[in-house]
Structure formats: structure tokens, C-alpha cells
Amino acid sequence: MAVSRSKTLAFAAIAIAALLHSSVAQITHTVGGNTRWTIPQGGDSVYTNWASGNSFSVGDILVFNFAAGAHDVTQVNKADYDSCSASNPMMTSTNTPARITLNTSGEHYFICGVPGHCSAGQKVTVNVLASTTGSSPSPSPAPMMMPPSPSPAPRRALTPASAPSPAPTTVSAPTPSTSPVAGDVPLSAPSPSARPPVTYTVGDSFGWNIPTSGASQFQNWAAGKDFMVGDILVFNYTAGAHNVAEVTSDAYTACTTANPISLDSNPPSRITLTAAGEHFYLCAIPGHCSAGQQLSINVSGAGSTSPSPSGSTTPSSPSPTAGDMAPPSPNSAATVGGVSAAAFLSVVAALLL
């Protein structure tokens, strides 16, 4: 009897260990470590050495820390990585810190799309290994379930009444837990209509300069973008060479800055869109506006006026609300691998009686 109980306890301990082992946490990698994401003083070897000292798997997260408006994170293919070209990006992020989840295995290439930064060494390659979380647990449960199979057989006959009683008790627990989660749907319902503020880098990698193709260059950049109240415009330019003036529609058409609404000459200029309607910007340096350095955008207030004020809070709220799948997690955590841990332990306890 003592030997059988020892076997049952050993089986229970091994099974619980297998369940716990099956959940492997993601690893978050801060790109460059303390160097952060910037133009490295030691050239691209700084990021190459950093990457070689880390192991990357599917599901891991890269975090790029950089000064807003000074850099970006652009994912490219190998050819564009080697030539430092950001003309055909797979993805670009100007929000800092940029968090990128590695969803596929293989080599991934990242550069800074600001002109001159990649060639100065601001580039990194990471080699992502396929996730192995599914293969480790599967071999171990197979042998673990075989030894106890003889001993449980007689014990089921000994305690027929105790085994059914925990089962209904624990099966009913997930049912109420699912109801509150369904009830939490109204909390996450606003998220489709609201979105966090978006930071736009005017002109992207070209920056805020005299355009080579006239005023249409900045208008083409703005076309197709959905500007909303709470969004931020970032103007990158050389200090002393340019500035950013917000003007009226008439002043914009006439390229005059006699009475600007606002004027900023400290790059990078960050302008938060606080009102809906049309906004007009130009460079007040003589001759620059007439050469095409001007931009007009239409800011939507419908559906964004309410999200924007809560732009700091509402976006955070959806994250936890998506993470509010975590409240079910306590009950769901009690059902690791589709089996309630409480039910499992109750059955084990019943077998020991």
C-alpha cells in the first residue's frame, strides 16, 4: 500500500512538473544593451557583437530604445540591408521604444532609415530559431503515464464515489469564470473605435528639407494617412537651416509668415495635433516655401476626439483588457493543458485515501 502511494505521488509530481515546464516565457532583448539604438561609435560591429551574444527564438521580443524624432527602426530584406537602402521597407516604426515580436524563424534585418545612419553602423541582423516549446513536453508525458497505469486500476474500484465528486466541482468552476469574461467584452468594445496616438515623421527618411520634386512631395507623403486629434508630427531638419511655422490657409497659399500661428526652430520639432480640421505648415526661411517646403494635412476629430484625450489611458486600457484575458487566466491557469489543476490534485488526493 505504501509502495503504491509512493508511485502515485511520484506520478503526480512528475505530471505537475511537466505541465509547468510546458510554459516557456518569452525573452525580451534590448537591442544594443546599454548602447541603445543609435549611431554606434564602434561601427556596425557593436550590434553584430551584441547579437552574437544572444539567442533568439520565435516569440521573443526586440526592444529598440532611441530618441524620438532622431531615429527609427526599419525592417528590410538582405539586399537593402547590405546596401543600406530604406526605399522598400517591410516595416517602419518611429515610436520609441519600438517593440518588435519575432514571429518567424530565420534571419531578420533591421536598420535606421534616417539618411546616413545605417552606413554609419546603425544596423543589426538577428538569427531567429524555431520555437522548441512543443517538442520537449511531448516525449516526457508518454513514459510518465505508463508506470502508473497498473496501480490506478485497482484503486478506482476502491474509491468509486470520491472520484466523481471532485470532477463536477472543478468542471463547474470554469463555467462561471467564462461568464465574467464574456461580461468583460463591453470593456474592450471601445478599443476598435479608439487608437493610441500615432507619431508621424514628416517626409519619412527625407526629413523636413527643400523637396527635390516640389510641394507635391510632402502632399504625396500625407496622402493616405489618417491624421487624428492627439497624433504627433515630427519635423527632422538641420538646426539653423530650416524651421517649422504653422500658418493660416491664406498665408500658406501666399507663402508668407508675417503672422504665424506658431514657429519652432529647434529640431526635431514635435507638434501635437490638438484640433480637428486643416492644418498648414511651411518653412519660414525666405524662398523655402516657394520651393515646395510646405505641408497641409486634414485632421479628423470624429472618433478621435474621445480617444485622444484618453490616448494615454485608453490605449493602455485595451492592452490590459486584452490582457484581461488574464483574469480568466487564474481560472484558466487552473486548467493547464486543458485539465483543471485543482481537479487533477483532487483525483490524486482521492487515490491516496
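Note: Cβ is positioned from N, Cα and C throughout, glycine not excepted.
According to TrEMBL, the protein has these features:
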SIGNAL    1-25  signal peptide
DOMAIN    27-130  domain 'Phytocyanin'
REGION    130-193  region 'Disordered'
COMPBIAS  138-153  compositional bias 'Pro residues'
COMPBIAS  154-192  compositional bias 'Low complexity'
DOMAIN    198-301  domain 'Phytocyanin'
REGION    300-332  region 'Disordered'
COMPBIAS  300-323  compositional bias 'Low complexity'
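Each residue of the domain 'Phytocyanin' (198-301) gets a DSSP state, and the totals for helix, strand and coil are 16 helix, 35 strand, 53 coil. For the domain 'Phytocyanin' (198-301), the model gives a mean pLDDT of 93.
Helix, strand and coil counts under DSSP for the domain 'Phytocyanin' (27-130) come to 17 helix, 33 strand, 54 coil.
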